[in-house]
Structure formats: C-alpha cells, structure tokens
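Listed features, source TrEMBL:
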ACT_SITE  K34  active site, proton acceptor
MOD_RES   K34  N6-(pyridoxal phosphate)lysine
BINDING   R133, M302  substrate binding site
DOMAIN    233-356  domain 'Alanine racemase C-terminal'
ACT_SITE  Y254  active site, proton acceptor
Amino acid sequence: MSRPARADFDLAALRANYAHAKAVHGGKVAATLKANAYGHGAVECARALAGQADAFAVAFAQEAMELREAGLTEPILVLEGAFGMDDVALAQRHGLWLVVHQEEQLRMLESLQDRGGGAGVHAWLKIDTGMHRAGVAPGQARALWQRLAACDKVAGITLMTHLASADEPGNPMTGRQLAVFADATQGLPGPRSIANSAGVLGWKGAHQDWARPGIMLYGADPRGMPSDVLQPVMRLASEVFVERWLAPGEALGYGGSFVADRPTRVGLVAMGYADGYPRVVPSGTPVAVDGRLTRIIGRVAMDMLTVDLTDLPGAGPGAQVELWGSQVSVNQVAAAAGTIAYELLCNVKRVRRVYLRS
Ligand SMILES: *Cc1c(COP(=O)(O)O)cnc(C)c1O
C-alpha cells in the first residue's frame, strides 16, 4: 500500500457551485481558475466546466496557455493583463481577454497599430475604485476608455473593478466602491464586471453583466461562514497508520506542546505541512476520523500529525481521516491557522490526487 495522503476532487460539486453563482448573480459568469484552480487542478476543473461556464479567468497569460494547450476553447480573461508584448501576442493568437489596469498596458495595445496584422483583443479596463492596488484612477477612466476605443486592434471593451472588502457584510467600503465605479463609467457603453465571490454572495449592487467568482466555486464562502448551498470540492484526507497511548503528564511531538491530562490514545496520521496542511494550527483544531469529529493534538510535523482517538473507540490504524472537506470545512481550519481558505487550498501538494467525475 502506498502512503494514504490524498486529495479527492468532486467535479460535480464544482459544477453545482458554478450553477449557484450563475443563479445568484444572473448574467454571465467567468469561472476563476487562477493558481491551478486554487489548488484543484486548472485543466481538470476547466474540462468539468467546459460547455457550462461562459468564460474562464486566470492571473497571467501562461496560466491561460495551459488551458489552451489542453484543448479548451472558451474565452479566457487574464486578470493581471499583459506583462509584455509577448503576452499581447499570445492574447491575439489564442483569444485571451486582457485586463488593462495601467497606462503601460494600454500603450502595448496602441503599439499594435504600427505592427500590422494580428487579431483584435478584447480589453477589460480595470478602474481602481478604492482598493488602491491595481487599476486606473477613476478620473482617468474616460480618457483611457476613449484611447482603447480608438485602437483598431481592440475588439471590445468591458469595464471592471475589484472589491476590497466585500467579504465583510457591514463594511461601507463596498458601497463607496460601487458609487465610484458608477460615476467613473457613467455613459460609457459596454459590459461591466464587479463581483468576485463575496460580491456575488453578498452585494446585489455588484451584480452586473459579468461576475468573476473563484473561491465559492470550490465550495468555501469567502465570508468564512458555513454555507448550506456551496459544496466543498476538495477533500483532503489520509489515514491513521499507528496508534499509541500517552500516560497523564506525557508530552507529545516537537516542543512537547501537548501534555496529556488523562490516558490519551494518539493516532499518527500521514499528513504534514509538506503536504500543505498548515503547521501553525493549535491543539484542538477539528479533524474527522471515521466520520466522527475529534481534534489535532501536538504540533503538525512535515510528514505527519497527531490526532486524539481517546473518545473514538474502534478508530485505530486504517481509520479514515478528513483534514478538510464536508465534515470539517476548510474555513474552520483556516480560522484555526489564522489565514483564509484560499491560502490553504492553493498550498496543497505532494498528496495523491483523485478526481471524482460522476
Ligand atoms: C482572484 C480574483 C477574483 C476571484 O476572487 P474570489 O474571491 O476567489 O471570488 C476576481 N477578480 C479578480 C480581479 C481577482 O484577482
């Protein structure tokens, strides 16, 4: 038998989550598959959504090319836009849609005019409505839009922005961003796109022609709350491979951070931080063993971690362990680790990967 650490991916759940995003948002929905589909496998996820998704979104042109090389023909939005003219050439040749978030990227498209041939590129003009990361200033949006419209190699223009705090239901930032966007784009023709997952789930005013959800497609609510609709796509799982007893007062693992206060039955699980399970979680972090909830005890090591089996009679070597999935949500583990589900999901590595298609 090989090491039992694995990640199972439920592609039917991915399709159901996409359908939910589409039903809530209306209009068109680009499935965000950047960072290897948040660790879920970009090609596998794109194939599962082919024919259903209106478009895909990735961070940069090379990520889009992986999908093209796998034979996917849907439009692909490149969220960071072109880093250089080679990316623009890929966009022309392979039908990629380029975000334009700074004037330099506009100049790249303008320079196509002097170069003759090549197909037109669909541009998504990104306006900074308050996140102050990428995006053109609202006051410049109209002038830059006009320059894009004057480019003979620009085949269409979508207006977009990105929300900074939409995962916080009461945060007034989102309303301000929506107002800035409406003002900056007033009277300009063409489709609009605002919503990430949090915008889809929480902000009707962010629902426009296009949404760009990512994390919700993988079954995690970006607000950290449980969802009765979204279904987890990834199940990170392994098995107990050794059990042992600790007497009261005995310490466990590196640093002896856990000390037994009663006779404690410990299960060693083949899963560690080198597989992407976070090292920083404290004792008490939830984990499911043979379908029953228990806790991580002691420090997570590179290749293994330890769980409390004391109250789970019958669960010993061979017991099935779910680190996250449908019994323990990735949001719960992320909260215990002081991070967000996004980071945990896209860090999974080294484990065997199994795709369930049904
Ligand atoms: C990553 C990203 C998204 C998707 O965000 P989620 O929070 O995962 O839904 C949407 N738009 C842009 C510009 C992004 O960078």
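Positions of Cβ are set from backbone N, Cα and C atoms, glycine also.
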The DSSP breakdown of the domain 'Alanine racemase C-terminal' (233-356) into helix, strand and coil residues is 20 helix, 46 strand, 58 coil
Looking at the recorded positions K34, R133, which sits with the largest number of other Cβ atoms within 10 Å of its Cβ? K34
Tertiary neighbours of Y254 (active site, proton acceptor) (same chain, Cβ under 8 Å, six or more apart): G298, R299, A301
CB neighbours within 10 A of M302 (substrate binding site), counting all protein chains shown, number 11
Inter-residue Cα distance where the pair is M302 (substrate binding site) and K34 (active site, proton acceptor), in Å: 27
